[in-house]
Protein chains: 2
Amino acid sequence: MHWRAITRLFGILMMLYSLSFLPSVGIAILYDDGQAIIFGLSLLITFVGGLFLWFPNIRQRAELSVRDGFLVVTLFWAILGMVGALPFILGLHLSITDAVFESISGFTTTGATVIAGLDQLPPSILYHRQQIQWLGGMGVIVLAVAILPLLGVGGMQLYRAEASGVAKQEKITPRIAETARALWIIYLVLTLACAIAYWIAGMNLFDAVGHAFTTVATGGFSTHDASIAHFNSIAIEIIAIVFMLAGGVNFAIHFVAWRRMTLRPYVNDPEVRSYGYIFMLGLLIITLSLYLAGEYTGASSSLRYAAFQVTSILTSTGFTTADFSLWPLHIPLVLVILSFTGSCAGSTAGGIKIIRIILLAKLGLRQLFQLAHPQAISVVKLGGKAISEEVLYSVWGFYVLYIVTALLLTVAMMAAGLDLESAFGAVVATINLLGPGLGDVASNFSGVNAVIKWLGVFGMLVGRLEVFTLLILFLPAYWRH
Amino acid sequence: MHWRAITRLFGILMMLYSLSFLPSVGIAILYDDGQAIIFGLSLLITFVGGLFLWFPNIRQRAELSVRDGFLVVTLFWAILGMVGALPFILGLHLSITDAVFESISGFTTTGATVIAGLDQLPPSILYHRQQIQWLGGMGVIVLAVAILPLLGVGGMQLYRAEASGVAKQEKITPRIAETARALWIIYLVLTLACAIAYWIAGMNLFDAVGHAFTTVATGGFSTHDASIAHFNSIAIEIIAIVFMLAGGVNFAIHFVAWRRMTLRPYVNDPEVRSYGYIFMLGLLIITLSLYLAGEYTGASSSLRYAAFQVTSILTSTGFTTADFSLWPLHIPLVLVILSFTGSCAGSTAGGIKIIRIILLAKLGLRQLFQLAHPQAISVVKLGGKAISEEVLYSVWGFYVLYIVTALLLTVAMMAAGLDLESAFGAVVATINLLGPGLGDVASNFSGVNAVIKWLGVFGMLVGRLEVFTLLILFLPAYWRH
Ligand SMILES: [K+]
Ligand SMILES: [K+]
């Protein structure tokens, strides 16, 4: 482990990150909401903290290895989580638990909140929350598309066969920078387009930018307690649906489409195609169920609420236009299943991810088929290409660890006092990076105890870091040479 | 498909099975409970029905193929389910739904019941229920140890590598008969020992035999609404624990231990060892949790109730000495997880089975380990032997189909009107062959609607037939040549 080089890296990161408090300072001055000093202080603390980490290690320029990568990625989210919590502690006087929960929920693009009464918050703090999610989304795209494949983790390795093999011994820095720039441009363009669309549709500029931040990041933080329902506008809901769906697409596909100036890559990619099918199927089931259960008057209302909630949950955004946890019969559970399914690998979304679901389903069916026809040889293919054993095992391992973690977290949440439905809801809300849950945590986490909040923080980190990256740190073998 | 040979087989089966009504006729006469005519009628209907299936096909002696096997095994449980329902319809005037549910619940050794008020039933009907489970358990042992491995299905194939390969083209009859006889002797001896022990511990002979039937079969039907709590006897609880645990052991291991007259096979088998560890771990967690939550006064009471319920649920028996669904905090969920874990392959128990859980866990850990040490080559081993790819994929396929079926069943149960906890409880109760559930189905299924009961019947059959055997019948490829 290159401890000092890692420390130097995080010193630089914190000094850079301290600049992110500047827009909040500006907004605090503009709205005169009394928080300018708070953000100035946060900036100063973060910058000086970074300086203290960086300066003693200024010459520690050792290239980081792949093994360092797991620790760096985990610490990245943990440290940003703490830094981003500063304004919540200093400005809102939240407890450390609440502030860290809120901040981690932001950076992981989960969007679960411990704050009830958003509409009364100072604008600069509201802006800070939205920006955290946007930056978190930015970090995640680079993590998912560029870094995790190099570590041999995450759904994206399926796209880049070379990553799991050759690259394991490579140094990881140069390739990342190049990929990151292209991805960020796309991310920025999507955000800009989304903000302008919201603005035209009737949001004020502050809300438009704030919600664009958390739509494209599939984060789900809102500046209003009522979330998107606050605006009660079909136009805004349609814009949100379009950009949430875009946020749930693999950014590597966006990248190719952007470069070649064509929509073909979306159609050709088997995961994006399945993403479309699953969306349609979910939409059909939920619309029909809402209509038949008579929850809303008329088919068009059922379609409206179903379309928004299915998109929001499939992409793990967590915006709401209705309290879906109170929808009748099987509807909440179907939505929970969609949340576990998730969107594409290489996006900002949470959940198991569609590419893994496809492979799991293909394997289940292949076993049945082979029993019926023992002589037939069937290879698991995706988009016409055979999938290697190594990748299949990796998907399996991911799935097992994901489900076991979710189960144990549910047990722990119940041990900490939640009932079954709430505990399950809290796990869905955090490990899938969804935000809203069921039962006691249907709309926010303000009413639950500190233990449950910390379990939630763990869940969000596990979900964001694709399980392996975090859990590997608990493996003694990781720390041995 | 050798349709006529299959029809002939089921004709013989029904004629043979009709004899199983004789003990009930005897008991009806002995207790003079007015049901003798009912059981006589059931006997007659079954025998004549069998005659009508058998006689026209008397010369159809074609050997059944492996592909026929899947259909035969599924029909075996379905047809016995219908035949066993006759006395419930004729004697208790239950609806067809209720009668079939009760009968299938018996034959699959699930033990969920639609009858509230057992203590008031005629003794002959009570005996019939207990005997159904005992015969179901008998059928299952042969199914799990001798038949399913030949079909390439079930955890036991892991023990007999040759079964999945060479044997696929073999004719299946001769090998089964020889194995079956040995297994049944063991089953009979265990039942006898259990009945004598219960009798000595204070049950009357009727209850002793009846409960021995359903203990060794890990079935869980009782002759009293209060189940084992009715007796309020520590001695009886200890006897039940011992014989439930024995029923959860692979009968192939019992067989080897019996032949060599030594206990070593139990110690040497990796699955039985893990079974022991999981039991101890579950016992420790539940005892501690009950004690710390103050549910019972004193550690010894906590241990007593924990030991019984952990055994009953891990072995999927479903006897109760307390309403565990009302135990505080995380305890019900931990028990539910134990129910999914299940006992050993080749036993009468339900659930995923420990051997599969071991392999799933090893695979999850191997993926983590390989990320930490990409150069290391690690093969999944069990008891010192490397496990083949084919077996690993089969375990994976099983697990995926099991979980997906459980999820879809939960959705369907909610669509039919159950709340989340009850629906989940109903699925656990049926697919894991447990019996008691959570919420509305915590003690019995008498209060739910017909749709839910039929979904329960499907769940029990899926669980009993190790998923593959039933689901393969829905695959178009199975019906093509
Ligand atoms: K989210
Ligand atoms: K049972």
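Note that Cβ sites are derived from N, Cα and C of the backbone, with glycine treated the same way.
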Pick the one from B:Gly11, B:Gly219 that TrEMBL also lists for the K(+) site with B:Thr109, B:Thr110, B:Thr317, B:Leu434.
B:Gly219
Residues other than B:Thr109, B:Thr110, B:Gly219, B:Thr317, B:Leu434 within 8 Å, Cβ to Cβ centroid, of the K(+) site?
B:Thr108, B:Gly111, B:Gln133, B:Thr214, B:Ala217, B:Thr218, B:Gly220, B:Phe221, B:Ser316, B:Gly318, B:Thr348, B:Ala349, B:Gly350, B:Leu433, B:Gly435
Spatial neighbours of the transmembrane segment (B:70-90) far in sequence, C-beta under 8 Å, 6+ residues away:
1, 6, 9-10, 13-14, 17, 21, 24, 35, 38-39, 41-42, 45-46, 49, 64, 96, 98-100, 102-104, 106-108, 125, 128, 132, 135-136, 139, 143, 147-148, 151, 457, 461, 464-465, 469-470, 472-473, 478
Around the Cβ of B:Leu434 (K(+) binding site), the count of other Cβ atoms that are within 10 Å
33
Let me know the most crowded of the binding-site residues, choosing from B:Thr109, B:Thr110, B:Thr317 and counting other Cβ atoms within 10 Å.
B:Thr317
Look up B:Thr110 (K(+) binding site) in the DSSP assignment and reduce it to helix, strand or coil.
coil
Reduced DSSP assignment, B:Thr317 (K(+) binding site):
coil
Cβ under 8 Å to the transmembrane segment (B:37-58), counting only same-chain residues 6 or more beyond its ends: which ones?
4-5, 7-8, 10-19, 21-22, 24-25, 28, 83, 86-87, 90-91, 124, 128
Let me know how many other Cβ atoms fall within 10 Å of the Cβ of B:Gly219 (K(+) binding site).
33
